[in-house]
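K.L.:
The transmembrane segment annotation in TrEMBL covers 28-51, 72-98, 118-146, 167-190.
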Amino acid sequence: MSRTRVRAVTHQDLVPSPKTTDLSSKTGIFVVVLTIIFGLSCFVLCLYAEATRSQVTRVSSTCVYNGSGKTPLLCGVIAFVGLAVAMVGLHMYLLIAVTTSPLVLATWDPGSTPAKTLTYQAAFFFVSTWLCFGVGEVLLLVGLSVESGHLKNWSKPKPSCLVIRQGLFSAAGVFSLLSVFLATGLYLMALQAHRISKDLENTHRVILEASVLYASPPRSPTNRMATVAREAPATVRDELTSLGYLVSLKELA
């Protein structure tokens, strides 16, 4: 007769798995890695748009474009949308994770040095991230508006030709990359605050359990006399903190 082996329950099995909205979960790491990949892709696309941007050749009082600008326009559009999706997605995840997790600053003294340092660092990363993101998106919009102005009849001579300055797409790529790295720094700050909150919660739990344990000391057992028919009195020891009553009886000689 075969016996079924049952695996013993370990402490790791009892530890609850992190939620998907937890900053330290696999979902959070996946979102951050995906954001970095999007940022690097936007940077590469901006560099390619810079290398293929439209230029003009002036002939007497007219000018002619060297291309239709479709390639830099396409690269700019993909970079613009990709950067927006990456930034909005990461910040939405951070917002959901922070609102569903206990705030570390709520249990700290607002005037303490760690709380002030954490607040200032988070504010710096947040403001810098959106500032770089806004500048990068504006530069991309300028480049897209210029490149989309000569999609048709680009080979015909014109009295005036509008082109973007050298380095505009490159600057947009740099700001895009900076915004992604700053957003990653903001995530790391939120993760640090989350870990501090967990440590404080565990410390408070241990202190509470210890205070409850030592606040009510164990009571001493009480003795009472019980009589049984045709038997001598017996001592019944009432153990309030044990498994019940233990009775020892003596028979009459």
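Glycine is treated like the rest: Cβ placed from N, Cα and C.
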K.L.:
State the non-local partners of the transmembrane segment (167-190) in its own chain: residues 6+ outside its ends, Cβ under 8 Å from one of its Cβ atoms.
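P.N.:
Same-chain contacts beyond the ends: 23, 28, 32, 35-36, 38-40, 42-47, 49-50, 53, 72, 75-76, 79, 83, 86-87, 90-91, 94, 97-98, 118, 121-122, 125-126, 128-130, 132-133, 135-137, 139-140, 142-143.
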K.L.:
Against which stretches of its own chain does the transmembrane segment (72-98) lie, if we need a Cβ under 8 Å and a gap of at least six residues from its ends?
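P.N.:
Cβ under 8 Å, 6 or more out: 21-23, 27-28, 31-32, 34-35, 38-39, 41-42, 45-46, 48-50, 52-54, 129, 133, 136-137, 140-141, 143-144, 147-148, 151, 169, 172-173, 176, 179-180, 183, 186-187, 190, 194.
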K.L.:
Grab the same-chain neighbours of the transmembrane segment (28-51) for me: Cβ-Cβ under 8 Å, and only residues 6 or more beyond its ends, written as numbers and ranges.
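P.N.:
Sequence-remote neighbours of the transmembrane segment (28-51) are 22, 71-72, 75-76, 78-79, 82-83, 85-87, 89-90, 93, 97, 140, 143, 166-170, 172-174, 176-177, 179-181, 183-184, 187, 191.
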